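Q: Look at Swiss-Prot and you will find GLY112, THR113, HIS114, GLY115, LYS116, THR117, THR118 tagged as ATP binding site, backed by sequence analysis.
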Amino acid sequence: MYGKIRTIHFVGIGGIGMSGIAEVLLNLGYRVSGSDLRVSEITQRLCDLGGMIAYGHAAENLGDADVVVTSTAVKSDNPEVIEAHRRLIPVIPRAEMLAELMRMKYGIAVAGTHGKTTTTSMVSTVLSKSGIDPTVVIGGRLDSIGSNAKLGQGKFLVAEADESDGSFLKLSPIIAVVTNVDADHLDYYSDLDEIKRTFVDFINKIPFYGVAILCLDDPNVQALIPQVGKRFVTYGMSTQADYNAQEISYQEERTTFTVCWQGERLGQLSIRMPGQHNVLNALAAVAVARELEIPFEQIAEAFCDFCGVQRRFQPKYQGRDIMVVDDYGHHPAEIKVTLAAACSGWNRRVVAVFQPHRYSRTQALFDEFVTAFYQADHLVVMDIYAAGETPIPGVEARLLAEGIAGHGHRDVHYCPDAEAVAAHLREVVQAGDLVLTLGAGNVWQIGEALAEWLQQRD
């Protein structure tokens, strides 16, 4: 960046997307300040790296900032945003700052409604283990680096591309991955067709020497292909895909399969993550690595060290006879594949605890939610996590639970809060169960509390 930019201020610096960019900038030598509503592990890490963080939002937090970065969650009436405008300090979205970092490197951007974080993490791990040493900005904590960001010395930057508000169009990667396209963020987009058009624009932003890596299993991605004007390769389960998986074996958290490229067997890959959706994520990472001419043997070896991402089918407790797992899945499509992974890898009764995320999403996807949980043997639905939204009349978790029961689920229960859920779980959980917490809010805390109780009990 131009030398006169010294201090960069982040409003909402504790967010998973914001904190990664802030960490990279700190490691590049910039002064980074920020604000957030509460102390967290993320804000503490940034403070340890030299960040200056205030808690609560106030005009005086800006200090001597040269530029202010905001996330999509920050509203225009935020006092720090108002103060920045008053002082004529540039206010830019998170994606614009990420685009500036990407401009200094060769960018690899992973987009899609689901699977972005895991796929980005897999790509980052393979490139790092192959000596490429990329800069990494991910929307989740990658266990192998202990963070969601890393400043590398190599010439590539691997980033998760957030489509939620269309701002990923600010990025200019040379490799663009699209895992899938689904109806989500309908508080911003008018409908699925608009989402698909935005993804076409994203893909076609790659330069003439770049490549798009597209999931052929997803019908909405298939529908984009005739409009793609740049070179692309595909991946999926079908032999019609350039990269495909054969001879898949699921054994608890370990999934093993053979990778094929246009009919040629490249070799076997083993990943420590369950489910067909993670096979697809791994195929995308293989495709990226092969574009960078990394030999398949090195790719397979790198996957041996991939130990997952925080809140993506993350084991919280493995006792004598009960297992507790947490997952970020909060969209009907994500819920279905996560439950399928739990069923395919383990011969256990699945007890799912779901916390709906946002009133707008619950309302827009209600019909999809009521049929998404059929693979859960026992289901608990708790109150909606607002994520800053104002409640919408008639949009209630209780009605969602009733809708799920009305569509044939024979064992669904509504428990409004964490206390009620904890009491219910202690009553119903039995030997052989896999307890799965699902949602993008704070439902993970219920899993941790249950794990602590089980540990004391055992």
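Quick reminder: no glycine exception, Cβ is built from N, Cα and C everywhere.
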Q: For the recorded ATP site formed by GLY112, THR113, HIS114, GLY115, LYS116, THR117, THR118, which further same-chain residues have Cβ atoms within 8 Å of the site's Cβ center?
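A: Close Cβ neighbours, site residues excluded: VAL110, THR119, THR179, ASN180, ASN281.
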Q: Sort THR117 (ATP binding site) into helix, strand or coil using the DSSP assignment.
A: helix
Q: Give me the long-range Cβ neighbours of THR117 (ATP binding site): same chain, 6+ apart, Cβ under 8 Å, in sequence order.
A: ILE138, GLY139, GLY140, GLU160, VAL309, ARG312, TYR328
Q: Counting across all protein chains shown, how many other Cβ atoms sit within 10 Å of the Cβ of GLY115 (ATP binding site)?
A: 25
Q: Can you check which residues sit near LYS116 (ATP binding site), meaning Cβ under 8 Å from its Cβ, same chain, 6 or more apart in sequence, and list them in order?
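A: Listed in sequence order: VAL110, GLY139, GLU160, ALA161, ASP162, THR179.
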Q: Once the chains shown are all counted, how many other Cβ atoms turn up within 10 Å of the Cβ of HIS114 (ATP binding site)?
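A: Excluding its own Cβ, HIS114 (ATP binding site) sees 24 Cβ atoms within 10 Å.
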Q: Within 10 Å of each Cβ, count the other Cβ atoms, then let me know which of the binding-site residues THR113, THR118 comes out lowest.
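A: Candidates: the binding-site residues THR113, THR118. Fewest Cβ atoms within 10 Å: THR113.
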Q: Name the residues of the same chain, 6+ apart in sequence, whose Cβ is under 8 Å from the Cβ of GLY112 (ATP binding site)?
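A: Long-range Cβ contacts: THR119, GLU163, VAL177, VAL178, THR179, ASN180, VAL181, CYS215.
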